[in-house]
Amino acid sequence: MESSKEENASILDRASRATRGKRMTKLLDDELEEDELFWNQEALKDEENDVEYEEEGEAVDVFDSDFDEDESEPDEEGENEPVDRTLKKKRLIYPGKPSAKKKKKMKNLTKSGKEPQENEEALDPSTPSEHHDTHDDTEAERTLRKSTRTAVVVKQAEREAIRAAMQATAKPVKRKKEGEEKKMTQEEMLLEAAQTEVMNLRNLERVLAREEEISTTAPPYAQKAVCAVTGLPARYRDPKTGLPYATKEAFKVIRERLAEQSSRAREEMRMDELSQAISGQGFTSKRKRSTIPNSRKTSCPRVFARIRKFPADYDTISEDSE
């Protein structure tokens, strides 16, 4: 805290310089001078003897005797026509640039429109150097105008040459008048009909060949599966039998049929074995296993694993027969 207080005291007790603020005051003075030069130009001043603009004194309103009567409004288009006024273009000089006075052009309002040159020289307060500057400006403007005119003329000539070349190269279009259509003879009509017939036959052959190609290459339409019990469109398929079914009841019916077929097959096998034993053939000779008569193929070979029968011993069969 003490050190900060000492620093503040040293800053406050600093000795004042003699040249402090000189540059700032100089810059401010220069800026004020430039502002005065800019706002005191002739282009921004109001001319005292302005011929184009004159103030009119306020006239006293005088009313006629027929002021209160209603009258038809006349056409005021001719009275309110705009008056063209040629305003004098004055040159602005921006601050920071050297100012140059422009020569004033006095207008002659006399009827003759001519004044002696001595009066013009007496009224003209411009110096010879200013006159030389204005002369240079006018010459520069003239050269610019001449260059722009020549450029415009050259461009116009080029356009005309291009148009002429395009018109020369373009083929004339012959327009048929109304009612001047060419009448065909009978031979020409028959020839045209024969040509169109040949073209139509070729197109027909192409279309037919394309249809045949599509029909041969396209895959066949997939037939929708139908339930084996109800006849409705099937949504499921039995894994054992491979039959399609639509409802739960149809699935039960399919399984019942499968059980009935398996029981019938067992009974048939038993009857065959008994008939062979009674006939006396026995099981001495080798033979193939009997197959279950089933028109439909089963998907699983283990369905009838429990139905298989093994041949019995010969001694037991002989004892039964005795």
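Numbering starts at 1 and runs along the chain as it is shown here.
Cβ from N, Cα, C; glycine included.
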Examine the ranges 177-211, 212-246 and name the one recorded by TrEMBL as coiled coil.
177-211
Quick one: DSSP breakdown of the domain 'Vps72/YL1 C-terminal' (225-254) into helix, strand and coil?
7 helix, 6 strand, 17 coil
Whole-number mean of pLDDT values that fall within the coiled coil (177-211):
88
